[in-house]
Amino acid sequence: MALSITRGLLLLAALCCLAPTSLAGVLQGHAVQETDDTAHQEAACHKIAPNLANFAFSIYHKLAHQSNTSNIFFSPVSIASAFAMLSLGAKGNTHTEILEGLGFNLTELAEAEIHKGFQHLLHTLNQPNHQLQLTTGNGLFINESAKLVDTFLEDVKNLHHSKAFSINFRDAEEAKKKINDYVEKGSHGKIVDLVKDLDQDTVFALVNYISFKGKWEKPFEVEHTTERDFHVNEQTTVKVPMMNRLGMFDLHYCDKLASWVLLLDYVGNVTACFILPDLGKLQQLEDKLNNELLAKFLEKKYASSANLHLPKLSISETYDLKTVLGELGINRVFSNGADLSGITEEQPLMVSKALHKAALTIDEKGTEAAGATFLEAIPMSLPPDVEFNRPFLCILYDRNTKSPLFVGKVVNPTQA
């Protein structure tokens, strides 16, 4: 008799294991009771931050290897959070593969500490802040005929702030609409039509989204934006709206990367790091940039005058992460050998797809109402022109949690 394998779907959207007892229960009074253990949670959050950064660069390198002519944009926090949540229902080698593929060494960092870290990370990112719009959420859509393990539902709710929804996957169109509506609402309309088609054999869909909308501490003046050339490669040049500001910046030239490194703060706790390699040095930048270098850039402050040109853009990218994560060692969960019996014991389960969609918009908007003007003192000597008119990297980093929210490469700003 043939073994019947039912399907689970992992969906991740971005803008800008189990023991018989509940892991949340094990952590009760520690990670779950935030008022008594905030410091412990924060420490756990900072413990997983280097792993998240290393995971981000691992994903980046895999995507860059696939194509050097396409934009790259993804949220490592969204991907890691979703798979950490999935690990709560995985067992045996499936469970180990997921956590090790995310970059965690289980002999150095206990699993409970990993989930405490994600719990605090998600809690911190979702704190109301009128200065920036940053929201993240996890939704678990369960086929109405399926019976999920209670401890799994309890864990994903308490540790990963997940909501569970009953859904009829046999009505594929209606199920698709409900999932897409959930993501569109959570991302404030920025992520639409994440799911294009659904398999009727799907038993559950795990959905993660992250949406960020920030305001520059020092905005660009709209009237200074002009159309200029962006050199995609030696053969291709496109016209793009280029923002411009003359002033003081956290900007320096890194000899090791042969690149300009620019940090622009948003109001709140998020910093954007833009890295512009010299002509012909993009490969050198990609080969040498790592978590340690990024941490140094974020720690040390520079004050340099410059005439800055930065493209105004709106890009989005969609990935099926099955291949990329497979190269990082996460294979079993996508195969007939998956052990997800911590999610449901009724039937064998595997993940059929892991879709991730991320969108980035960069524009002039600042912290003040229209017409506000910033005046800065700059040296009398002529400042250098720093023009992001060729492929560059960008990393959005949350300073509170020390985590990379988004990582990307802009090859062509006109590529939607």
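The count begins at 1 with the first shown residue.
Note that Cβ sites are derived from N, Cα and C of the backbone, with glycine treated the same way.
Look at ASN68 (N-linked glycosylation site): DSSP puts it in coil. For ASN68 (N-linked glycosylation site), the same-chain residues 6+ apart in sequence whose C-beta sits under 8 angstroms from its C-beta are VAL411. What Swiss-Prot records for ASN68 (among others) is N-linked glycosylation site.
The N-linked glycosylation site annotation in Swiss-Prot covers ASN105 (among others), and the record cites sequence analysis as its basis. Counting only same-chain residues at least 6 apart in sequence, none has a Cβ under 8 Å from the Cβ of ASN105 (N-linked glycosylation site). According to DSSP, ASN105 (N-linked glycosylation site) sits in a coil region rather than a helix or strand.
Using a 10 Å Cβ-Cβ cutoff, ASN143 (N-linked glycosylation site) registers 22 neighbours. Look at Swiss-Prot and you will find ASN143 (among others) tagged as N-linked glycosylation site.
A 10 Å cutoff on Cβ-Cβ distances gives ASN269 (N-linked glycosylation site) a total of 19 other Cβ atoms nearby, all chains included. Annotation source Swiss-Prot lists N-linked glycosylation site at ASN269 (among others).
Annotation comment: Swiss-Prot describes SER381 as phosphoserine, evidence class similarity to another entry.
What Swiss-Prot records for 371-390 is region 'RCL'.
Taken from Swiss-Prot, the feature signal peptide covers 1-24.
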In whole Å, how far does the CA atom of ASN143 (N-linked glycosylation site) lie from that of ASN269 (N-linked glycosylation site)?
39
